[in-house]
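Reading through the structure tokens given below for one structure.
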Amino acid sequence: MEQLKRKIEEEGTVLSEEVLKVDSFLNHQIDPELMLAVGEEFSSLFQGEGVTKIVTIESSGIAPAVMAGLKLGVPVVFARKRQSLTLTDNLLTASVYSFTKKTESTIAISAGHLSEDDNVLVIDDFLANGQAAKGLVSIVEQAGAKVCGIGIVIEKSFQHGRKELDELGIRVESLARIASLKGGKVTFLQEVRS
Ligand code: 5GP
């Protein structure tokens, strides 16, 4: 997605060879126009899949997921990372190691928001080693629902998340794929178009 790649080039900050900061449009301040375009892109990629629900994780997955939900006309559920007084009964959970915080945490979705008839599109902001996406897939499967696809805004293709998700046999679509962050520079994967 060219608009997203240009934004990453113009506003992204390479913090290390493994971490990209995009706080001006995705992870802190949010660019609604860009998020709408991201939602439209996910919607056009997955519209033939019969999506009934989108599942994401707080907090940075919510903006792109809501825009995709708006365009696909389906509700959006986000997994909580923190315990909440209102999130008490019948929880589906997964243990996720956070790439950015370097800690293990339990993510949770109330079972009442997923049913075995659901055909779920999982969306997240970044794909690094695939832990967050795999945790979400596990929760959807615990509910007896099906995952029809995974939509990622920014994939760091030099880490092993993409391979792990491909091994699950689930369709993965990433809107920007980064080959390297070496030398303080973002290099995108050269994708061969058929
Ligand atoms: P994974 O679970 O695939 O290892 O990492 C994905 C999660 O870690 C995403 O939900 C995202 O919040 C965070 N993350 C991973 N890599 C980066 C990065 O380079 N920059 C930012 N801002 N977040 C990242």
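We number each residue from 1, going along the chain as drawn.
Each residue, glycine too, has its Cβ placed from N, Cα and C.
Predicted automatically and left uncurated, TrEMBL annotations should be read as such.
Among the features that TrEMBL reports, xanthine binding site is placed at Leu20, Asn27, Lys156. Per TrEMBL, 5-phospho-alpha-D-ribose 1-diphosphate binding site is recorded for Ala128, Asn129, Gly130, Gln131, Ala132. Sequence annotations record features per position, and here TrEMBL assigns domain 'Phosphoribosyltransferase' to 43-159.
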Which of the three DSSP-derived classes (helix, strand, coil) applies to Gln131 (5-phospho-alpha-D-ribose 1-diphosphate binding site)?
helix
Could you check which of the binding-site residues (Leu20, Asn27, Lys156) sits closest to Ala128 (5-phospho-alpha-D-ribose 1-diphosphate binding site), going Cα to Cα?
Lys156
Can you give me the Cα-Cα distance between Leu20 (xanthine binding site) and Asn129 (5-phospho-alpha-D-ribose 1-diphosphate binding site) in Å, rounded to a whole number?
14
Starting from the 5-phospho-alpha-D-ribose 1-diphosphate site formed by Ala128, Asn129, Gly130, Gln131, Ala132, give every other residue of that chain whose CB sits within 8 Å of the mean position of their CB atoms, in sequence order.
Val96, Tyr97, Phe99, Leu127, Ala133, Lys134, Gln159, Gly161, Glu164
Under a three-state reduction of DSSP output, how is Lys156 (xanthine binding site) classified: helix, strand, or coil?
strand
Mean pLDDT across the domain 'Phosphoribosyltransferase' (43-159), rounded to an integer, is what?
95
Most distant Cα pair in Å, residues Leu20, Asn27, Lys156 binding xanthine:
16
Do you know offhand how many angstrom separate Asn27 (xanthine binding site) and Ala132 (5-phospho-alpha-D-ribose 1-diphosphate binding site) by C-alpha?
16
Quick one: give me the count of other CB atoms within 10 A of the CB of Leu20 (xanthine binding site).
19
How big is the Cα-to-Cα gap, in Å, between Ala132 (5-phospho-alpha-D-ribose 1-diphosphate binding site) and Lys156 (xanthine binding site)?
14
If the xanthine site is taken as the center of the Cβ atoms of Leu20, Asn27, Lys156, which further residues of that chain fall within 8 Å of it by their Cβ?
Gly12, Val19, Lys21, Val22, Asp125, Phe126, Ala128, Ile154, Ile178
